[in-house]
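Quick notes on the structure that follows.
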Amino acid sequence: MTAWPHSLSSTLSRRALLTGSASLIAAPLFGTVPARARDPDMVSVLVGDWGRNGHDHQREVAAEMARVAERSRSIFTVSLGDNFYEDGVSGVDDPQWRSSFEDIYDAPSLQTPWRIILGNHDYRGSVEAQLRYGANGHKRWLLPARYYSVRDRLPDGTTIDSFYIDTSPFLKKYRHSIVRIDDQDPRAQQAWLSEALGRSDADWKFVIGHHPIHTGDGRHETPELIAAIAPLLRHYRVAAYISAHKHNFQHRRIGGIDYIVNGAGSRLDPAGVALGGAFTNDGQHGFMTMRVARDLVEIGFIGGSGKTLFSRRIPRPTAL
């Protein structure tokens, strides 16, 4: 029997879980997931752009995720959006819940909480179903609202605040399209993020969103997020912005912030040549690991074969 840590969803009203309305989560919402008592750090695995009924190497990536999660004692998984291709899910009983999620990520080491964000393909289906799924008894699926925050605490008292945002509503190209974001207000979400970051006194702050802000090859960056989100990251000393959307691995450090693209969970996209000091890889499916300690964060891109493709140490941001 898995021992479930306290999750953010238990602090929310039933109405918030069912509607996922951004206006219902403007108040501070922090859950605490303690790291295992004997571990001085916190390890998680992160995967993006994955839900393809086990095809396009999704199953192989899941198997390697399970091995790495067991070996590293990962305590949760982060899904970086585009959870179900091509058109999201139709409801909480959609067969894809089993064929793309439950029957793929079925190893014991992956039966930990999954912190979920939404991608543009999820908006082509029922977002409400993804919001309801965890409330219907599927405990590891944690999507309490379209955007939310979680606080973790290490045994030595180090605090980590992670802000899970919903980037699709910011993109103008999705307005009046099959990506149904027209009833969402990105300005309200931007205000929430600014307030939440400003309130946070955590030692580490991370923002997680589906679409990249900056990329390792300088292509497919998102002007709307550069305008709306990047200034907040700089002002509030966020250590890293973690994204997916592009089906490859990329990393670039700009202005003291690490910008990470981790979207190789199934089908791959080509990436351009890495800019100076940056990294790109479009030849391997895979996922990412993240280890947070008091003064250092380590990230790694792991290929489906288990090979580490890239690793980086992120120093703790210094005061402005």
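Even glycines carry a Cβ here, placed using N, Cα and C.
What TrEMBL records for ASP49, ASP82, TYR85, HIS247 is Fe cation 1 binding site. Summarising the annotation, TrEMBL assigns Fe cation 2 binding site to ASP82, ASN120, HIS210, HIS245. For 45-248, the entry in TrEMBL reads domain 'Calcineurin-like phosphoesterase'.
Location within the structure of each feature annotated in TrEMBL.
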| residue | record | contacts (Cβ under 8 Å, 6+ apart) |
| --- | --- | --- |
| ASP49 | Fe cation 1 binding site | LEU80, GLY81, ASP82, GLY119, ALA244, HIS245, HIS247, GLY263, ALA264, GLY265, SER266, ARG267 |
| TYR85 | Fe cation 1 binding site | GLY51, ARG52, HIS121, SER266 |
| ASN120 | Fe cation 2 binding site | GLY81, ASP82, SER168, LEU171, TYR174, VAL179, HIS210, HIS211, HIS245 |
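Cβ proximity to the Fe cation 2 site centre (mean Cβ of ASP82, ASN120, HIS210, HIS245, cutoff 8 Å) flags the following additional same-chain residues: GLY48, ASP49, LEU80, GLY81, LEU118, GLY119, HIS121, ASP122, THR167, SER168, HIS211, ALA244, GLY263. The domain 'Calcineurin-like phosphoesterase' (45-248) scores a mean pLDDT of 98 in the predicted structure. When other Cβ atoms within 10 Å of the Cβ of HIS210 (Fe cation 2 binding site) are tallied across all protein chains shown, the result is 29. Those residues of the chain, other than ASP49, ASP82, TYR85, HIS247, with a C-beta within 8 angstroms of the mean position of the Fe cation 1 site C-beta atoms are GLY48, TRP50, GLY51, ARG52, GLY119, HIS121, ALA244, HIS245, GLY263, GLY265, SER266, ARG267.
The sparsest Cβ neighbourhood within 10 Å, among the listed binding-site residues (HIS245, HIS247), is found at HIS247.
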